[in-house]
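Here's what TrEMBL has on this protein:
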type	residues	note
DOMAIN	1-299	domain 'Major facilitator superfamily (MFS) profile'
TRANSMEM	6-25	transmembrane segment
TRANSMEM	41-60	transmembrane segment
TRANSMEM	66-88	transmembrane segment
TRANSMEM	109-133	transmembrane segment
TRANSMEM	145-162	transmembrane segment
TRANSMEM	174-194	transmembrane segment
TRANSMEM	200-219	transmembrane segment
TRANSMEM	248-269	transmembrane segment
TRANSMEM	275-295	transmembrane segment
């Protein structure tokens, strides 16, 4: 799309896909909790969460330009912390009526699924850095750099079914630990920006296969863990929080990755890309560690 029509058309196609998704959802049966009508939307919680995320994102993405210890940066950070604290305290006080029911996180397995999912999705910044280095470092076109991700697309779709079989045979812990490790290995290989052009292109293609392999292994067991460990009357809320973790993880991961890339850019683009990718690999290993520490060792058939 970017090569043939221009990068702005990416947003046009994204809007079209979103509208198509809304159309396909028509007629989907909706189940409501018996207590759904008892509570109104937590407006104060929603606004405080949005404010905290916006201020934190501004601090992360603009702090390098403003200066990390500048008045503006510190004001953004302080505002994010204050808004976040208000959101948490308000949510704990409101209980079931809160935007996020923090009681769900008393279950270790559910907490593991949400937190590890948040961290693993943060590694999506890898795609951005790899694309930048392929296009600016090795002068590939947007189309050519996009083709490097085909292995990721095919593998992640193919491995979702395999992840289901792993869940049935070994329980959630093994695939939720091994998946992020495969993804981390793929990212570390992509971080080898010192390789020559031809070697690096081949490395990136097969590394994206590993990237998708790991995410595919992880996806189904993680989603299953989040749903089955939630009370029956809170499954909708629990799955919504889990999905929100995916989106927030991706957004924050991209923001931090871009900030690290800009921070180390004076050292050279190759080094900046390498350090930013190492951060993404660390997120994957952190996801693995969360699953290892919080998930029970018992199997599931």
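Every residue gets a Cβ built from N, Cα and C, even glycine.
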Q: Return yes if the transmembrane segment (174-194) and the transmembrane segment (145-162) have at least 3 CB pairs under 8 Å (sequence gap of 6 or more), otherwise no.
A: no
Q: For the domain 'Major facilitator superfamily (MFS) profile' (1-299), provide the mean pLDDT of the predicted model.
A: 89
Q) Can you say which of 6-25, 109-133, 200-219 has the most Cβ pairs under 8 Å with the transmembrane segment (275-295)? A) 109-133
Q: Examine the transmembrane segment (200-219) against the transmembrane segment (248-269) and state whether at least 3 Cβ pairs sit under 8 A, considering only residue pairs 6 or more apart.
A: no
Q. Which of 6-25, 41-60, 248-269 shares the most C-beta pairs under 8 angstroms with the transmembrane segment (109-133)?
A. 248-269
